[in-house]
Amino acid sequence: MTLPRSSRSVAVDGAQPYTITIAPGLLADGARLARHVRGRHALLLSDSQVAPHYAAGVRAALLSARPDLQIGELVIAAGEASKTLDTFGSAITALAELGATRDACVFALGGGVVGDLAGFAAACWMRGVDCVQLPTSLLAMVDSSVGGKTAVDIPQGKNLVGAFHPPRAVLADTDTLRTLPARELRAGLAEVIKYGAIRDPLFFQWLHAERHALLDSDPAALAQAIARSCEHKAEIVARDPLEKGERALLNLGHTFGHAIETEQGYGAPGNDNLNHGEAVAVGMVLAARLSATLGMSNAQDTEALRALLHDFELPTDIPPGLPPEALLARMRLDKKNIAGRLRLVLWRGIGKAEVVPDVEEAAVLKILAG
């Protein structure tokens, strides 16, 4: 199958280079899927929302190109609540029961939770097998499927147990966005906005101009947003694959956002808790407000960010019932911290993020208290 003219590809350079392909119809392209399976075993990991739409088609596409494949399947409950060590254990068991050898491949068919679990299982099985990311949510296409960060949550915090394991390929089939709930689309757009906020003022302006098209799931607008976001992440990941420096900038809003998610208990789909993208949206506003309080930026840029997020129908305030002290306690467990001191991604205005070490907790607590 040749790619349509609307397709785009982004190369991720580094010690383990790979390509992000963005196009409609990729999940039906058996030859393209199967070329990434070096051996005879493949595990297809998906969730209860995505699998009914796409799992059978992906399996059929793989077998049409590689009838010799032995394909195992694991379907987990949808939502962040499944990103646990127990579910990770289920993935490892599935690989064992499949008889997967070191040339096996794990296909991650779903959003960020599926991608994290599949990637972590692939990283650990026999000390590392291939993983192909098949993101079906906008958030996964522009963020979690790219870069090789894999992890699960524990009660004490989000993404505290994991590994760096770059995928063999990322195949982002934009047709899957047709079945994406509106709330999940908006969650992904929060991560898209982040790229404009941290390093691309022109992209920030473009997002404002195209906000109605993006919210209406216009294919051309979404393809452009995905490609530009992936280009930004690919550039950063290539220079800093293990997050020793610049890559931390991709976490604007995440320290605050992860604290909110953890304190709310990683709610299941359909409840009132914030999802990841929504929590990041709130976190970005909090980071911008803290930056202004510290004299790093101005109130106008903070308001521009808040207004853009609001225009995309995203939350910008901490949900009620979350004590500031409890959120601060969660933030103390963030992986970016050093020697027990808060280390946050803040900004000097639109397009100019930076990592700030040793942020005073009193200033953070004041922002959390509103």
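Using N, Cα and C of the backbone, Cβ positions are placed for all residues, glycine too.
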For the Zn(2+) site that Swiss-Prot gives as His254, His276, the extra residue out of Glu191, Glu325, Glu354, Glu360 is Glu191
Out of the binding-site residues Ser137, Thr179, the residue with the smallest number of other Cβ atoms within 10 Å is Thr179
With neighbours defined as other CB atoms within 10 A, the best-packed of the binding-site residues Lys158, His276 is His276
Other than Glu191, His254, His276, the chain contributes near Zn(2+) (Cβ within 8 Å of their centroid) the residues Leu139, Asp143, Ala190, Lys194, Gly253, Gly257, Gly277, Ala279, Val280, Gly283
Rounding to whole Å, the Cα atoms of Asp116 (NAD(+) binding site) and His276 (Zn(2+) binding site) are apart by 13
Gly112 (NAD(+) binding site) to His254 (Zn(2+) binding site), Cα to Cα, whole Å, comes out at 15
